[in-house]
Amino acid sequence: MRIEEDLKLGFKDVLIRPKRSTLKSRSDVELERQFTFKHSDQSWSGVPIIAANMDTVGTFSMASALASFDILTAVHKHYSVEEWQAFINNSSADVLKHVMVSTGTSDADFEKTKQILDLNPALNFVCIDVANGYSEHFVQFVAKAREAWPTKTICAGNVVTGEMCEELILSGADIVKVGIGPGSVCTTRVKTGVGYPQLSAVIECADAAHGLGGMIVSDGGCTTPGDVAKAFGGGADFVMLGGMLAGHEESGGRIVEENGEKFMLFYGMSSESAMKRHVGGVAEYRAAEGKTVKLPLRGPVENTARDILGGLRSACTYVGASRLKELTKRTTFIRVQEQENRIFNNL
């Protein structure tokens, strides 16, 4: 047993210090990034935000809606090959280039992903997703995927420490997904005692990944556009959002009615709700590590997307970053004990 004395920080523990700026308007800020990925050697340009691969967020409808904002969607792994075929038949190449194909690490997952990728060459992203990216089996699967799909851009996770980030990049991942426990419907930290404050995880993993020519995506912990800005400021190349994009018309959650008001169910992918839906229930050897919440319906996702992008542009103007790429270089975090004036929050 050992104790690390360094204080680790989440998004709620800091604010970004404003700096002098020559920008005249938020419209002067360029949010689009251009990347060439380490292993796939593929080039990509767009807004580096990703809708999470949850079945109540990462839907085909969400992918179609967010593609118009140049935002990626990690489509959840529970669609059949036939459903993928129908989606591809009805989608433009521009939509497909904003889609990530999600997969688990079983042999069946591998075969299914292979079939999906064979449907259309425009599908360039694979998201290999497990709750715990520290297993040897996971690293071996990433290497197997890289060998099978040498020209596909592979995103793999989740991990929260630099050494595991390096391990995954050396095994074939182009992008490492960072985050254990910060999600809005994740209870891993409560059930297991395991986790890492998200901002510190992002800063440390970005440092490790960038040293090897890899990239990271900050997955979880964002509750506001300001948190998205903090994740980019901390060095994240991409930011993945779940709860912020849940409850919309495109989110795909089941709608329930209570006292004449409609709500959409949103749940973590290790929750009892998810396991009942996809594997018939919670296995007796494990505990559910997610919760289910009812969200008021929030309408089309385009309004939320504009709010997030607007907040991000504004953050850039406050620190004098004319491009999103410059935000991390212009960011100085200050430690704080309060984020906002909450006097009217309950009205």
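Cβ atoms are placed via backbone N, Cα and C, with glycine included.
Keep in mind the model is a prediction, meaning the values are calculated, not measured.
If you check Swiss-Prot, you get these features:
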type	residues	note
BINDING	108-131, 216-239	NADP(+) binding site
BINDING	Gly181, Gly183	K(+) binding site
ACT_SITE	Cys186	active site, thioimidate intermediate
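Features recorded in Swiss-Prot, as mapped to the structure shown.
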| residue | record | contacts (Cβ under 8 Å, 6+ apart) |
| --- | --- | --- |
| Ala108 | NADP(+) binding site | none |
| Lys114 | NADP(+) binding site | Ala148 |
| Asn120 | NADP(+) binding site | Ile88, Leu96 |
| Val126 | NADP(+) binding site | Met100, Val101, Ser102, Thr103, Thr113, Leu117, Ala145, Trp149, Lys152, Thr153, Ile154, Cys155 |
| Gly181 | K(+) binding site | Thr188, Arg189, Val194, Gly195, Tyr196, Gly220 |
| Gly183 | K(+) binding site | Asp219, Gly220, Gly221, Gly242, Gly243, Gly268, Gly290 |
| Ile216 | NADP(+) binding site | Cys165, Ile175, Val176, Lys177, Val178, Val202, Cys205, Ala206, Ala209, Gly235, Ala236, Asp237, Phe238 |
| Cys222 | NADP(+) binding site | Phe11, Val228, Ala231, Val239, Leu241, Gly243, Met244 |
| Gly234 | NADP(+) binding site | Leu199, Val202, Ile203, Ala206, Ser218, Thr328, Thr331, Phe333 |
Taking DSSP as the reference, which of helix, strand or coil describes Lys114 (NADP(+) binding site)? helix
DSSP three-state call for Gly234 (NADP(+) binding site): helix, strand or coil? coil
